[in-house]
């Protein structure tokens, strides 16, 4: 465990910005203990100012970590070591005394719902990595708020890091700087420690001037101590500790203790032509279009969608029983490939300035490029790939890494919701689950009850490309789109969701499931998607008001034949889009039951077992 050292240390590190005396006592102790351990040359207490940000960006440009993209205003490109490009589930752990606090004990094999590490193993791993790991580098102290500063739903963290890329990215993704330090006072904060794991002088040359230590990468969460400790990776999901580490893994555990929800969900506001507005939250696995839905331009005349957040929602019932949600983030950390003027015009407008791109391709005129950008190149313009080599479409490999990213301020989104920073949050009236299902699952259905809706979330599955190319596409279980992000035992998480129905005066949101990705026999999508998805949101909007007509099926309520507004669309095969096959659903419920019984085992709530049985029975009577 991180050592609890005595106060008043004789730090050899020189404080180059800020003053230790100005820090709250607990923050100062956290900093001094870890500075003594990691031995940086300098300490820089971040103030979050424009001036500081400009200096750090300039310094990274000089060191070759960032390149300036001259086509845009204050936009930058980082190319990472090719071994450090994504979250690494196998090296992401939660440390608790008891394994069962972190994951249910599966019937056989390993848990797919998280990775547990014992306290003893973590202590060994920590002591093998952190002593002296920041030698020759600067330790940056990043005070940050998840959620609007001062909101009752917000939480504060302090991240210590030796990566200026992390500082610049955290300034976009969180509210960061002096105002946060002033707000901490004697209050609680989550302690975040990050190192790229490359003390100076270097033992090996860097690739792309990108410091990382892939052999020793470890991302650990210590929920009982409110600590997140990350070593060896500079990539966003592993190093921007406010993101998945805090906002989902740590926060879901805090939420369980404090009676709220921390979820992998977008939040959007939708307004009908009469000016009535509702807020919806939606959970989809990666690459199923969360950001596209959150920033949609509706094709339906008179309808308007506005974005509160594209990735994470913190939700809590207020005294009146409304489920209130905030977006704890301050920016978007979006997947670049596939983003275009056609698929997401609002994202394209958002990223024209003040944006850090990572592992996308660069054009010779100082622009960015990726697969699916759908923009013609000016004549004579060449492309340099994310591997820093000249690239042409004949190369047989992508110019941008499939997980390449843009990190951009949410405030720049042209359709950001007026209430996106509202301290009390926005009232959620509908929750949407969804996945990429080429067969069997209809475009939309509504859960029969809160309990049934929780089961629908637990049963979420989505098509993923297997790592081994020859395996083709497989359908993966991804309950609540949270499978890589649960901060505690998934069985207890389900019980926590079910308990929301007991909340006094709770106005429970309706729960829906969508599938934009169903295909016909020729492998063509049956539904056009993107802006046309507003037609499905319209039906949900009217369902929440008790207006739209439905048909009861074994899996839930679907729209009656004429209930979806298809005006202006070409031919849509509604029969195929909404068909529910007995054979398919018998197999589906069997797979779901096996997964939940194997993986959640003794911790599966009896309400979920009852929902499985009831669904089986309804299907058998088809």
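Positions of Cβ are set from backbone N, Cα and C atoms, glycine also.
Annotated phosphoserine per Swiss-Prot: 19, 90, 118, 286, in sequence order. Marked as N6-acetyllysine by Swiss-Prot: 70, 71, 91, 473, 521, 524, 594. Under the heading substrate binding site, Swiss-Prot lists 87, 235, 236, 237, 286, 403, 404, 405. Here Swiss-Prot flags 178 as phosphothreonine, drawing on similarity to another entry. Here Swiss-Prot flags 244, 264, 311 as Mn(2+) binding site. Residues or ranges marked as GTP binding site in Swiss-Prot (evidence: experimental evidence): 287, 288, 289, 290, 291, 292, 405, 436, 530, 531, 532, 533. Annotated active site per Swiss-Prot: 288, in sequence order. Residues annotated as region 'Omega-loop' in Swiss-Prot: 457-487.
A simple way to gauge crowding: the CB of residue 594 (N6-acetyllysine) has 12 other CB atoms within 10 angstroms, across all the protein chains here. Residue 291 (GTP binding site) counts 25 other C-beta atoms within 10 Å of its own C-beta, drawing on all protein chains shown. Within its own chain, residue 118 (phosphoserine) has 95, 99 as residues 6 or more apart in sequence whose C-beta sits under 8 angstroms from its own.
Calculated from their C-alpha atoms, the gap between residue 404 (substrate binding site) and residue 287 (GTP binding site) amounts to 12 Å. In the three-state DSSP scheme, residue 311 (Mn(2+) binding site) falls into the coil class. Of the recorded residues, residue 178 (phosphothreonine) and residue 71 (N6-acetyllysine) place their C-alpha atoms 32 Å from one another. The Cβ neighbour count for residue 404 (substrate binding site), using a 10 Å radius over every protein chain in view, is 25. The number of other Cβ atoms within 10 Å of the Cβ belonging to residue 70 (N6-acetyllysine), over all protein chains shown, comes to 10. Max Cα-Cα distance over the annotated GTP binders (287, 288, 289, 290, 291, 292, 405, 436, 530, 531, 532, 533) is 26 Å.
The most densely surrounded of the recorded positions 71, 87, 264, judged by C-beta neighbours within 10 angstroms, is 264. Secondary structure at residue 288 (active site), taken from DSSP and collapsed to helix, strand or coil, is coil. Sequence-distant neighbours of residue 288 (active site) (same chain, 6+ residues apart, CB-CB distance under 8 A): 434, 435, 436, 462, 481, 516, 517.
If you compare every pair of Cα atoms in 87, 235, 236, 237, 286, 403, 404, 405, the residues listed for substrate, the longest distance is 17 angstrom. In this structure, 530 is the one among the binding-site residues 235, 530 with the smallest number of other Cβ atoms inside 10 Å of its Cβ. Considering only the recorded positions 91, 244, 473, 521, the Cβ with the fewest other Cβ atoms within 10 Å is that of 521. Close to residue 237 (substrate binding site), meaning Cα to Cα within 10 A, are the following recorded positions out of 244, 287, 473, 594: 244. Sequence-distant neighbours of residue 311 (Mn(2+) binding site) (same chain, 6+ apart, CB under 8 A from its CB) are 264, 265, 266, 290, 291, 327, 329, 332, 333.
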